[in-house]
Amino acid sequence: MANYFNTLNLRQQLEQLGKCRFMNRDEFASECDFLKGKKVVIVGCGAQGLNQGLNMRDSGLDVSYALRAEAIAEKRKSFKQASENGFTVGTYEDLIPTADLVVNLTPDKQHTSVVKAVMPLMKDGAALGYSHGFNIVEEGTQIRKDITVVMVAPKCPGTEVREEYKRGFGVPTLIAVHPENDPKGDGLAIAKAWAAATGGHRAGVLQSSFVAEVKSDLMGEQTILCGMLQAGSILCYEKMIADGIDAGYAGKLIQFGWETITEALKQGGITAMMDRLSNPAKLRAFELAEEMRVLMRPLFRKHQDDIISGAFSSGMMADWANNDADLFRWREETGASAFENAPAFDGAIAEQEYFDNGILMVAMVKAGVELAFETMTESGIIAESAYYESLHELPLIANTIARKRLYEMNVVISDTAEYGNYLFANAAVPLLKAHIMPKVGTDVIGKTLSVKDNGVDNVTLVQVNEIIRNHPIEQVGKVLRGYMKDMKRIAVGG
């Protein structure tokens, strides 16, 4: 199979990379009616599979789960999750032939074998759904021409898809129709109905393309969403220990600091996050972020270039063929890191203390978010897509670190994201360790700035505030956050 993106000519590549339209709410007036009375069969019952299925059923759709025969016979986790929630569960042969929409929500690595198994069983004119387009775009899987291929990609982990739905809301979602597989012209109607059934239409839906979703999703998760958080956690902890900060305190400051800092990001963008700092601390964080932006831009561009060209996917699939040797080795190395094994800290850390004593962490977030956004948009990805794949998802990933540190993050994210995370972090750690960490001390990580007063130069402060607030991600973010003002706020600090 050939990489689908690489089979397109330049004009087609740019057209698909740039496909992005924020859909009006009135386009979802009929909600999920288009799929009512039809049979939806989900393949796979992990976090996305279970939670999307629960939402779709609660929206009035007929949902069942097709699992491998051995998963049913051995009563594996997927079988238990589906059956204990009252769903009909059967083998591929039992359920696929009567399905109107087959939704493939298995891990990326399994997509080729799953599609190969289900496609011969699908009836003429059925639809095949994905929540990530890697199999279509990077692996180049070709689907039978009578089958409609659509995507609905919630921009958060599966657990949040369910929690926001239960609150009467939803999560921002990308939808797409594969241009090679829309024989009846009803792909968009199917995708809209599926998105509405999960609640996504209440939080904002982007009509995108398989190509744009894959290329932006891979970039976001490798760099700011996972890779930067992993690199920052390892480096900040090592620095604090070297400078005499209590190990338990250092571990807690990082573990819960990312979540607390990015909650401000979620509510008001980079502007709100930076405004939580004192004026001297804001200027210091800005300086550090600018230095990191210059230092790390080539690394961000390399990752985007490798994603666009397909080099990243080729390397990862080679590791799949090698029984995930690199993935497992990097996972083991992460588990052995000092931060992952930091002792517990029973003391309380006030919310503001995470900002005051985590100036370097704030700077890392600012630099990483802006670099990811800029690198995506200069590659032809539209600003709205770049926002969702950088700033928007960051608090959701930070929340996983708050639960069980980097282990939890790497368990929750996809296998593709985990591999890309290690690839980026393994390059970012030595780069930052050589050029940034020797220049900083406990004044920006572990303690706080030692200043006699909070006085700063007014002209400099005004200039810095203008730069922060006028960054393109702040402009598009203000509009998109307007659709998400009802999203749950998390408890921070403690």
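Note: Cβ is positioned from N, Cα and C throughout, glycine not excepted.
The average pLDDT computed over the domain 'KARI N-terminal Rossmann' (14-208) stands at 96. Among the features that Swiss-Prot reports, domain 'KARI N-terminal Rossmann' is placed at 14-208.
Annotated NADP(+) binding site per Swiss-Prot: C45, G46, A47, Q48, R68, R76, S78, D108, K109, Q110, G158, in sequence order, evidence recorded as sequence analysis. Of all the Cβ atoms in the protein chains shown, 19 others lie within 10 Å of the Cβ of A47 (NADP(+) binding site).
Per Swiss-Prot, active site is recorded for H132, and the stated evidence type is sequence analysis. There are 24 other CB atoms within 10 A of the CB of H132 (active site), with all protein chains counted. For the recorded site, H132 (active site), the DSSP three-state label reads coil.
Taken from Swiss-Prot, the feature domain 'KARI C-terminal knotted 1' covers 209-344.
Listed in sequence order, the residues of the same chain lying 6 or more apart from E221 (Mg(2+) 1 binding site) and placing their CB within less than 8 Å of its CB are G227, E389, I413, S414, T416, A417, G420, N421. If you look up Swiss-Prot, you'll see D217, E221 marked as Mg(2+) 1 binding site.
Under 8 Å, Cβ to Cβ, and six or more positions away along its own chain, D217 (Mg(2+) 1 binding site) finds H132, A153, E389. Among the features that Swiss-Prot reports, Mg(2+) 2 binding site is placed at D217, E389, E393, with the record citing sequence analysis.
The domain 'KARI C-terminal knotted 2' annotation in Swiss-Prot covers 345-487 and is backed by sequence analysis.
According to its DSSP assignment, S414 (substrate binding site) is coil. Summarising the environment of S414 (substrate binding site), the number of other Cβ atoms within 10 Å of its Cβ, over all protein chains shown, is 20. The substrate binding site annotation in Swiss-Prot covers S414.
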_Nonlocal neighbours by CB distance (under 8 Å) for E393 (Mg(2+) 2 binding site), same chain, sequence gap 6 or more_ = K155, C156, G220, L225
*Inside 10 Å of the Cβ of S78 (NADP(+) binding site), count up the other Cβ atoms and send me the figure.*
21
_Measuring Cα to Cα across C45, G46, A47, Q48, R68, R76, S78, D108, K109, Q110, G158, which the record gives as the NADP(+) binders, how far apart are the two most distant ones in Å?_
21
*Tell me the Cβ neighbour count for R68 (NADP(+) binding site), meaning other Cβ atoms within 10 Å of its Cβ, over all protein chains shown.*
20
